[in-house]
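Residues or ranges marked as active site, proton donor/acceptor by TrEMBL: Glu336. Per TrEMBL, Mn(2+) binding site is recorded for Asp237. Under the heading site 'Interaction with galactose moiety of substrate glycoprotein', TrEMBL lists Glu272. The transmembrane segment annotation in TrEMBL covers 67-84.
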Amino acid sequence: MASIRRALSPAYHDRSYQNGAGFSSPSNKFLPNGSSKHFSSSSHLPFLFNAVNIVYRKGWRRSFCRCLFFFVIGFVFGIAPFGYSDTDVRAKDFTFPELKPPHANLRFDDQIVTSVSLSVNTKLLEPKESTDIIKPLKQLIVVTPTYNRGFQAYFLNRLGQVLRLVKPPLVWIVVEEKAASNETAEILRKTGVMFRHVLCAFNSSSVKDPRVHQRNAALEHIERHKLDGIVFFADDDNVYTLELFESLRTISRFGTWPVAMLAQSKNKAILEGPVCNASQVIGWHTNDKSKRLRRFYADMSGFAFNSSILWDSKRWARPFSNPIRQLDTVKEGFQESTFIEQVVEDESQMEGIAHGCSRIMNWHLHLDTDNLFYPKGWLLEKNLEVILPIK
């Protein structure tokens, strides 16, 4: 039988054979030139290809047995208890230490509770000292009679600005005669003071001083509405200090103080009012010989009293219940004394205020403004234009 032998391809001439067989090493397939020695010196991954050579040269069984042997040794060393470590993590390891107060020896009496009452302990709300109690300020009731004259707007604005600086509560009772003018109401609104605009309907044309009936109209208003506070007759042409109004709130029944007055001759000042020993009235100042027959020597703006005397006679134990009013039948200058006699019996019921009556807090100037021209609405209809030549 004839045999045919084929010539090998030139690409396989360089292959090497083991044991004379025609089996080429698989490692040469991965080498660029077929040389394993050249691969071990030039490749960057010798470990991977050496493992492949071991599998194909010596067999995979020997490699598998070695891997299994070292795996078993590592596993045994891993589970063997060669050292001690406390791996028991408990919740108590992360808790904060318990803080306890120091021990105190306390004795408790055995008591039997029979009932329980729910109440509010008011002692905790009470201040420790009586000085901590904030008392409300007394209300001041300022009575001002006014009438049409040249300086009426000036006097009302000046008094209104003073009352605006006084701490509330304060009510300003302004009394006009015959009719309430819009000009007066506008001034009162602009002052920012709480006021009451009262009208005196009494015809005072035959009376020398119409302010007597105007004050009586204010007293009737206070009595009818039972206004509680300190009543003070403040004429609009007088000058007052803020200290006077603050001192009025210290009066309990009747208070008085000295007033500086400008004499009718306008060449000297006189003092009229009480002489005090601390707050006790022991005498009176006077320089007018015609008034020596009066019982009390006080100016109309030199005293104040509690308004409840007008409408609560039982509280002050008044012997009569007749309304307290100023009299227009007495001589001029005696209205103050006859009015005070209806309020108090003697000096023991009076209080001298402002540091023992040693300070002057208001002035009575007696400014005569009756002869001044009073324009309607306090406005001049014609402009007063003045032309001055230029020099």
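Keep in mind that glycine also has a Cβ here, set from the backbone N, Cα and C atoms.
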Rounded Cα-Cα span from Glu336 (active site, proton donor/acceptor) to Glu272 (site 'Interaction with galactose moiety of substrate glycoprotein'), Å: 12
Largest tally of Cβ atoms lying within 10 Å of a Cβ, found at which of the recorded positions Asp237, Glu272, Glu336: Glu336
Pairwise CA distance, Asp237 (Mn(2+) binding site) versus Glu336 (active site, proton donor/acceptor), rounded so that it is a whole Å: 17
